[in-house]
Amino acid sequence: MNWKTIIYVILLVSLTVVKALPRSYRDIEEKTSIGHRFSQLQEKNFKAIAMIMFAQHVQGGTFGKAVKMAEDVTDLAKKCAAAARGNPDCLKPLDRIFLDTICQEENLPRFTDCCAKKDPERNDCFLSLKNSSRGFISPFERPNAEAACKNHSQHQHSLTGYFIYEVSRRHPFLYAPTILSVATRYDEMMKNCCGRAEDPTHNLEECFRRQAPKVVKPVKEDGLRQEHTCGILKKFGERTIKALKLAQISQKFPKADFVTVNKLVMDIANMHKDCCRGEMLDCMHDREEILHYVCTNQHILSSKIKKCCEKPLLQRSECIVNAENDDKPADLSPHVREFIEDKGICERFAQEKDTHLARFLYEYSRRHPEFSAQMLLRIGKGYEDLLKECCKTGAPDDCFSRGEEELKKHIYETESVMKTSCDIYKEKGDYYFQNELLMSFTKKMPQLTSAELIKFTKQMTAIGSKCCQLSQDKLLPCAEENLDLVLGEICRRHLTDPINPGVCHCCSSSYALRRPCMGKLEIDENYVPLSLTPSLFTFHEDLCTTEDEKLQHKKQEMLINLIKYKPQITQEQLTSVTAAFTAMREQCCKEENPEACFVKEGPELIKRSEKMLSA
């Protein structure tokens, strides 16, 4: 890109943006006033956030168009902050002003239908068009290192602005603070690598290759978590998000009382509602207020977040989320028997219902940091079902004790599933463990493409690598909470392009039961297997590659096609076909002309395999 053609030189990032936000709670008018927001943030910061918002909403728009819209909104905000309180545009909610600006732009046909709607339907329509799937926008082209450094030295602020625009449009659900934090890391990388460009011993390409992952990592991780949370909120509602946050906060801050934890739960749920609706400024403000509350009240919350609260604001949230759980109070009893044995329990449930259930989840969660949040939600749901059953007139005397037995059984089953998975992982290693997952998930979800099945099972294998080495008390939270992210991604894929009724049931019936539900799925009986056409299995000399990763990928694609052709394949049949393939590959790769060998032997292998599979 020729940076000399850029008319707008925006000083987009002082990157202290959130520090400009006030710490007092706002009334509704202040919360939605564009003039008030402009005064809080000041021009550069307001324009930076406007830029992010437009790039996230109009992903296919040019950099120049995003800049123009950011300029237009900033001009209006400046007037409203000065004296134009009588201007009706100044009284509009912020999200409406942003969408009006997009709808007034020409040459944006993709948004015509959305712009014809009235709010809040218009906002929902715009959100539905956000696309975070890879390939929707072409991936970043890695620039020549020397050219990148030259651009940075001549156009530092514009280059950072362009980077923010490119990140924002590829990650339309990503928090603005994350994008601004990533831009800081990007700037640091450019300065570190380009600062020594004149040094003949300095390898520019190597410097970028080494530092780039540190820039990209929070984009991928935070973007996935934000989209995941919004997916849960949209599909399962506010009650589920509150229950999930209640379990997580109770585990992290076991010394905090119920009222304090419940206040944090409400504030965080409201923040996610704002963030998931695309109300970015309110989202940022909510987040800053929560961080301020947590850090000013750390004496009653946790002894483990002191260092986090000393960090710059943009790094504080990530630090607190990743901080260790605080130690349990010394006088905390190991059991919560009062929730079963107290005589007034049914009366209390009838009168308070959700509050009573929340208290149970709080008390149980703070006692069990070794459980995953999803498992704690299943326990909470089990307790609710138990109360409904046992508080009925005529319920048997041993009703509650039978519920306790069911709880113990569920805990044992969950721990056994995770232990068995880790045992298989430790025995087989990454590649063969992934193959086991590929066989299972291809049978459950044969409608997924080979690329999707390989991607999802690779993510699950990485969870094994990360979590199976941990101690028993950390295994379950690590494994199930990371697995939940992958299952969430599968469910969002299902929403975009339905997979099958079994997946539909697991993705929509219950958030807490999603993982065990997926685990119980078996072969999709309604799936019509692939026909054995000449193109289904092709063998070429690239199978002789010495690069393990490439060869393993090709083998996995063949494994997927084999299962899609024969979903009922037995382990014995698979072993026989695999052995025959391995023998053919070894034979052909020794030949002077491997390609000719594969052309001859490939069809023969397919015929023999057909017989093995029909036996």
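Using N, Cα and C of the backbone, Cβ positions are placed for all residues, glycine too.
Note that the structure is predicted; figures quoted are calculated from it, not measured.
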Disulphide pairing with CYS422 per TrEMBL - partner from CYS468, CYS478, CYS491: CYS468
Disulphide bridge to CYS491 as given by TrEMBL, partner from CYS467, CYS507, CYS517: CYS507
Among CYS295, CYS319, cysteine joined to CYS309 by disulfide in TrEMBL: CYS295
Disulfide-bonded cysteine for CYS230 as listed in TrEMBL, from CYS276, CYS283, CYS308: CYS276
Selected from CYS114, CYS115: TrEMBL disulphide partner of CYS125: CYS114
By Cα-Cα distance, the member of disulfide-bonded residues CYS230, CYS399, CYS597 nearest CYS467 (disulfide bond): CYS230
Inter-residue C-alpha distance, CYS319 (disulfide bond) and CYS478 (disulfide bond) (nearest angstrom): 17
Cβ neighbour count (within 10 Å, all chains shown) around CYS114 (disulfide bond): 21
Among CYS308, CYS467, CYS478, the one of these disulfide-bonded residues whose Cβ has the fewest neighbouring Cβ atoms within 10 Å: CYS478
Lowest local Cβ density (other Cβ within 10 Å) among disulfide-bonded residues: CYS80, CYS230, CYS276, CYS390, CYS517: CYS517
Residue, out of the disulfide-bonded residues CYS103, CYS115, CYS125, CYS275, whose Cβ gathers the largest set of other Cβ atoms within 10 Å: CYS275
Chain-internal residues, separated by at least six, CB under 8 A from CYS399 (disulfide bond): LEU386, GLU389, CYS390
Alpha-carbon distance [CYS283 (disulfide bond); CYS308 (disulfide bond)] in Å: 21
CYS275 (disulfide bond): nearby disulfide-bonded residues from CYS115, CYS391, CYS422, Cα cut-off 10 Å: none
